[in-house]
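These notes concern the structure reproduced below.
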Amino acid sequence: MTVEKFTPNQTTTLSAPVKVLDADTAEKKRRVSGDARIGFVSLGCPKNLVDSERILTQLRTEGYNVVPTYNDADLVIVNTCGFIDAAVEESLDTIGEALKENGKVIVTGCLGVKEDEIREVHPNVLAITGPHAYETVVEQVHEHLPQPSHNPFVDLVPDHGVKLTPRHYAYLKISEGCNHRCTFCIIPSMRGDLVSKPVGEILDEAQRLKKAGVKELLVISQDTSAYGVDVKHRTGFWNGMPVKTHMQQLCEKLGEMGMWVRLHYVYPYPHVDNLIPLMNEGKVLPYLDIPFQHANKRILRLMKRPGSAERTLERIKAWREQCPELIIRSTFIVGFPGETEAEFEELLDFIRQAQLDRVGCFAYSEVDGAKANELPDPVPEDVKQDRLARFMQVQGEISAQRLRSRIGKEYLVVIDEVTSEGAVGRCFADAPEVDGVVHLNGVYDLNPGDQVWCEIIHSNEHDCWGVLVEEELAESVGE
Ligand code: SF4
């Protein structure tokens, strides 16, 4: 995982389910039972968002109506994040707000493992569960808000279930939990060891999403390249054909479905090398999101992360030789306990040499329950902030220069929204939510999900600006 995904700014609030409901037809809306209404707040990372989608899908299937305001709801579910202190605080605040505005609140998600902490602040919540406890959450809803009588409203739920992302992209979660024990992270204690989803189930879900209009799959997990390790990469089945529970085989099959396939949270295991040919064949996007976290060997050891800077640089070089278009996104932590000035300088040297396209960086902050809290020599806050600023200064120049190299080139851009300034979209090099965008100023006659060819004419540190190069909408990728 990347720490960045846990920023409380990236949240889905009560307004998100409105979009889901708005996507339904008026006819369906009329047929929704109005007497069992749920409000839902989903906080935290995309993995939590997928959990929220699953709970909402089940509730909608049972005939519950999902409503956009606290006032309209009979009961509110808050899916919390508990990764960093700021996320805990936001989760507790949100629970408080839901209690104040509505009064009937069920809590689930990562913070739910700390039931005592929640009860200490909010003793009146109806029930609390930890992450991916879908069935228990639904049972708790049954207990406090009886199921609508004319059930099941199976037809109210689209085949792909309830989605909280726009119609044209979707997160595809391929496993739960994590076998690593990075010392700054408490995910394994909250979500347990790696459990891979059966390969056939993932491929079925991807196919359903494709049928529902999804054009871009964002493959996520805590550690995407570990997919199948827990089941020793056993052979599963899909459409009657054997498919190994392995990242490479999964990517090959996903790549045949005619959607953009974007890989997030890829741990740099050796077999990641085998994905590069799939990028050249156009099966998966030439985009890798690899959270390197640091470059200094000693700090990586303290973090309990594998790898060394030289080996990583060699591999990045080899990947780029094979696939010059490859975009690499990463995240780093500065000011980890014990990090010396020399070790930080080594990290700066690394990013200068690696020339990564997109980078998130965080000043280390203690996470309750993390092993790293016990390490000696904490870095003073002002030093951490200074290192963060210096890191971002160096990377800012690299990012600006990498984006400048797109000027004059043509890219297929998928439109995410149309604002008062024009259409805003992304090309293969930009993941939603975390990367920059392509602005098409003055272009209004497009809709979210449309794909158009653009020439990039301007860029800054984060974003690009382009102009349409064709009148007609481009064909969907792979179609
Ligand atoms: S233990 Fe490491 S790899 Fe696993 S979720 Fe945490 S940071 Fe990611």
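Including glycine, each Cβ sits where the backbone N, Cα and C put it.
As recorded in TrEMBL:
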- 36-146: domain 'MTTase N-terminal' (DOMAIN)
- Cys45, Cys81, Cys110: [4Fe-4S] cluster 1 binding site (BINDING)
- 164-401: domain 'Radical SAM core' (DOMAIN)
- Cys178, Cys182, Cys185: [4Fe-4S] cluster 2 binding site (BINDING)
- 404-470: domain 'TRAM' (DOMAIN)
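Between the C-alpha atoms of Cys178 ([4Fe-4S] cluster 2 binding site) and Cys45 ([4Fe-4S] cluster 1 binding site), the distance comes to 15 Å. Counting in whole angstrom, Cys185 ([4Fe-4S] cluster 2 binding site) lies 14 from Cys45 ([4Fe-4S] cluster 1 binding site) by their C-alpha atoms. Ligand 1 lies within reach of Cys182 from the binding-site residues Cys45, Cys81, Cys110, Cys182, judged by a C-beta closer than 6 angstroms to any of its atoms.
Comparing the binding-site residues Cys81, Cys178, Cys185 by how many other C-beta atoms lie within 10 angstroms of each C-beta, the top residue is Cys81. Residue counts for the domain 'MTTase N-terminal' (36-146) under DSSP, helix first, then strand, then coil, are 55 helix, 21 strand, 35 coil.
Around Cys45 ([4Fe-4S] cluster 1 binding site), taking its Cβ as the centre, 26 other Cβ atoms fall within 10 Å, counting all chains.
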